[in-house]
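Okay, structure first, notes after.
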Amino acid sequence: MSSVNKDTIHVAERSLHKEHLTEGGNMAFHNHLNDFAHIEDPLERRRLALESIDDEGFGWQQVKTISIAGVGFLTDSYDIFAINLGITMMSYVYWHGSMPGPSQTLLKVSTSVGTVIGQFGFGTLADIVGRKRIYGMELIIMIVCTILQTTVAHSPAINFVAVLTFYRIVMGIGIGGDYPLSSIITSEFATTKWRGAIMGAVFANQAWGQISGGIIALILVAAYKGELEYANSGAECDARCQKACDQMWRILIGLGTVLGLACLYFRLTIPESPRYQLDVNAKLELAAAAQEQDGEKKIHDTSDEDMAINGLERASTAVESLDNHPPKASFKDFCRHFGQWKYGKILLGTAGSWFTLDVAFYGLSLNSAVILQTIGYAGSKNVYKKLYDTAVGNLILICAGSLPGYWVSVFTVDIIGRKPIQLAGFIILTALFCVIGFAYHKLGDHGLLALYVICQFFQNFGPNTTTFIVPGECFPTRYRSTAHGISAASGKVGAIIAQTALGTLIDHNCARDGKPTNCWLPHVMEIFALFMLLGIFTTLLIPETKRKTLEEINELYHDEIDPATLNFRNKNNDIESSSPSQLQHEA
């Protein structure tokens with residue numbers, strides 16, 4: 001072969017290598033596709049890239065991924081804690097210690113409303129334009145809206161609650177977008193053996209967010225102690241006290257942006273998710289390879305016979321794989337696919353389980369005032385003592401129930417499995433809510449405290465963690481984000497129902513019948529028990545995804561065979577079927 005032809009081949013090889021490179025990659029998200037960009041066969045390149053992800057061990061790379069992906073959940077839970085305490089602080093500034101009930105509900109529910117929009121909107125968008133192009137956008141929305149909240153002030157022309165509610169709805173859109181994106185990106189980058197633990201650890205950042213909020217609140221209350229402790233009631237909170245409270249809630253909410261800003265670079269520079277790049281964008285590459293068949297004559301005319309043979313083999317492989325590739329994502333195909341019961345029941349199971357859980361998960365907070373009173377961290381009218389007790393009391397409850405539950409899930413979800421943990425959690429919670437509801441007045445304060453902590457534990461070592469993990473694994477790549485968004489949005493709808501409709505039931509006819517406040521709380525707990533019972537049945541619809549690759553899950557539960565796996569099997573079958581005489585003849 002002449003030196004000119006050799007140079008031409010080397011240039012062509014470098015060009016092909018460059019053609020297969022993808023953008024992005026940083027310390028938290030390694031670009032596995034670029035490790036195999038030199039492989040010309042798209043199916044072989046796909047197989048090797050996915051194998052390198054699935055077989056990877058657990059190390060610092062995964063710890064960094066957990067940190068970067070988990071910051072959104074940390075910010076979300078931090079904000080929930082901050083706004084609950086912030087509302088108390090605001091009430092001293094604008095309402096002499098007693099914010100109207102509708103205003104409180106509006107500020108608390110507004111974030112959930114935005115979250116529903118973000119979960120569905122960003123979830124769908126990530127399947128249309130890709131994960132890389134929008135990952136980080138939701139964090140930018142959260143950061144900007146959090147900063148804007150700290151600048152809101154009251155004036156005759158501007159309603160304080162209305163403006164703050166608007167910013168919280170928009171911030172909720174960012175928070176909602178983080179649910180499907182962080183879940184599916186973590187899932188698609190995670191090693192098969194520890195995928196559940198990695199996804200669970202991302203979600204467990206919620207506990208750290210609540211703890212961070214409590215610690216920062218304690219520091220702020222201690223720092224402003226001199227401006228608060230002399231006010232023994234909201235009426236006694238004068239201009240000095242009001243200024244301190246006004247500064248505290250703004251600092252408390254504003255500090256929620258710090259970790260988000262620190263992690264923003266890593267989100268904006270991630271590579272495209274390998275599964276999305278290979279599953280959704282692969283058809284274009286395979287179609288281009290198939291066009292080589294049209295140039296078969298031109299290939300034979302070249303002086304390099306080996307290049308011609310290789311070109312024909314690649315074209316043949318591409319044509320074969322096109323027939324086995326999943327259909328292109330579209331609304332019509334989505335309806336066709338999930339309109340079939342064997343596929344649609346999985347979406348019903350994930351969405352239904354998340355809905356039933358969140359009704360009770362957010363409704364359980366209705367008992368918080370009673371629980372804090374029991375452990376001696378409620379009841380004081382002194383401004384300093386009330387803020388201090390609220391922060392410390394909630395920290396105790398989080399560390400007693402929520403935090404252990406999250407991490408027991410993380411350490412066992414890849415051993416026990418997702419479905420058994422979720423099923424057992426719903427069964428135990430059904431029993432616990434029945435006890436709380438039907439024996440409420442016989443339990444006593446300490447009995448109620450014990451059951452409250454146990455409920456918190458089994459919600460997190462149970463469906464609260466698994467309802468986040470399973471939707472990120474059990475759907476085809478082209479609809480994984482959309483389906484996760486639908487499931488998560490269903491949960492938030494349940495939360496809104498709990499905070500509005502069921503939340504108001506606790507005082508149903510109490511004043512009319514001359515009964516104390518919260519007289520209907522036991523019956524509300526019984527309603528929550530019914531939702532937990534429904535969760536048992538929705539859990540039966542979901543598959544077990546433990547220790548299976550995403551491609552194996554797709555083949556098992558959606559009947560879509562990975563083209564690279566099929567190609568690899570066919571090659572092995574061809575080798576095994578070849579007789580020794582044939583192999584000797586070929587040699």
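Glycine is no exception: its Cβ is also placed from the backbone N, Cα and C atoms.
Swiss-Prot records phosphoserine for one of S15, S98, S316, S487, namely S316. Considering S321, S578, the record held by Swiss-Prot lists S321, annotated as phosphoserine. Note on K6, K546, K571: Swiss-Prot annotates ubiquitin cross-link at K6; no matching annotation appears for the rest, which is not proof of its absence. Judged by Swiss-Prot topology annotation, K132 lies across the membrane from L387.
Checking S103, S303 against Swiss-Prot, you find phosphoserine recorded for S303.
Looking up S481, S577 in Swiss-Prot shows the phosphoserine annotation sitting on S577. Per Swiss-Prot, the residue annotated phosphothreonine among T22, T302 is T302. Contact between the transmembrane segment (396-416) and the transmembrane segment (346-366) does not hold: fewer than three of their C-beta pairs are under 8 Å, each pair 6 or more apart in sequence.
Sequence-distant contacts of the transmembrane segment (68-88) (same chain, at least 6 residues past either end, Cβ-Cβ under 8 Å): 28-29, 99, 104, 107-108, 111, 138-139, 142, 146, 168, 171, 175, 178, 182, 185-186, 201-210, 212-214, 217, 249, 252-253, 256-257, 259-260, 262-263, 266-267, 386-387, 390-391, 394. In this chain, the transmembrane segment (486-506) touches the transmembrane segment (109-129); three or more CB pairs sit within less than 8 A of each other, excluding pairs fewer than 6 residues apart. Between the transmembrane segment (157-177) and the listed ranges 346-366, 420-440, 486-506, the one holding the most Cβ pairs under 8 Å is 486-506.
Take the transmembrane segment (443-463) and the stretches 134-154, 346-366, 486-506: counting Cβ pairs under 8 Å, 346-366 has the most. Scored on C-beta pairs under 8 angstroms, the neighbour of the transmembrane segment (420-440) with the top count among 134-154, 346-366, 486-506 is 346-366.
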